[in-house]
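Lifted from Swiss-Prot, the feature list:
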| type | residues | note |
| --- | --- | --- |
| REGION | 14-47 | region 'Disordered' |
| BINDING | 72-107 | FAD binding site |
Amino acid sequence: MAATLPLLTQGIEPVSGESYSPPGERHVQATWGSKDGNISNTEWNDPEANRLPEKVAELEKKGELNNSHPRRRVVVVGLGMVGVAFIEKLMKYDIKRREYDIIVIGEEPHLAYNRVGLTSFFQHRQVENLYLNPQEWYSSMPEDSLHYHLNTLVTEIDSENKTVKTSSGQAVSYDILVLATGSSS
């Protein structure tokens, strides 16, 4: 039986510790999809991932959304580029099965935005122009599948009881915890 190769992603392959980041041995190219789904620079990029609201509406119309079983709660701490990319992927793969409810907690008062585009913000002064997804995208997901808390800081993680505590004292339970807080200098 042939050995199964690991899924190629940017960064470090977790088992071998080998770097696959460009210009790594395998020359994996970074893939950034546009919200209109027109970019696909590798065979792994799926432009359909960027059309979630239309897929949700289509599946609801056909009655194909699975709402009949208990779902696991995924809490994502961080609503930056990595956090929203994770949410987009999970929503894409879970859209029909509906195995997960997602709660995202972001420290900033805005939805996920393109921090690289901050220089253009100072020209136009409209933060909405920097949003990675419009506000309507978040509310277009199937009922109860995606909730977000803005301007909320997670101050404590209790892994034994599977809860995170916020600066306002709210405890949020989880089945799966994803930390996507980014970095600071």
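Just so it is clear, glycine is given a Cβ too, placed from its N, Cα and C backbone atoms.
Keep in mind it's a predicted model, so treat the numbers as computed, not measured.
Distribution of Swiss-Prot features across the structure.
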residue: Arg72; record: FAD binding site; contacts (Cβ under 8 Å, 6+ apart): Glu99, Tyr100, Asp101, Asp175, Ile176
residue: Val77; record: FAD binding site; contacts (Cβ under 8 Å, 6+ apart): Gly83, Val104, Ile105, Val154, Val164, Leu177, Val178, Leu179, Ala180, Thr181
residue: Val82; record: FAD binding site; contacts (Cβ under 8 Å, 6+ apart): Ala180, Gly182
residue: Ile87; record: FAD binding site; contacts (Cβ under 8 Å, 6+ apart): Val76, Ile102, Val104, Leu146
residue: Glu107; record: FAD binding site; contacts (Cβ under 8 Å, 6+ apart): Gly78, Leu79, Asn151, Thr152, Leu153, Val154, Thr181
DSSP state at Arg97 (FAD binding site), helix/strand/coil: coil
Binding-site residues: Lys92, Arg97 - member with fewest neighbouring CB atoms within 10 Å: Arg97
For Val82 (FAD binding site): DSSP state (helix, strand, coil): helix
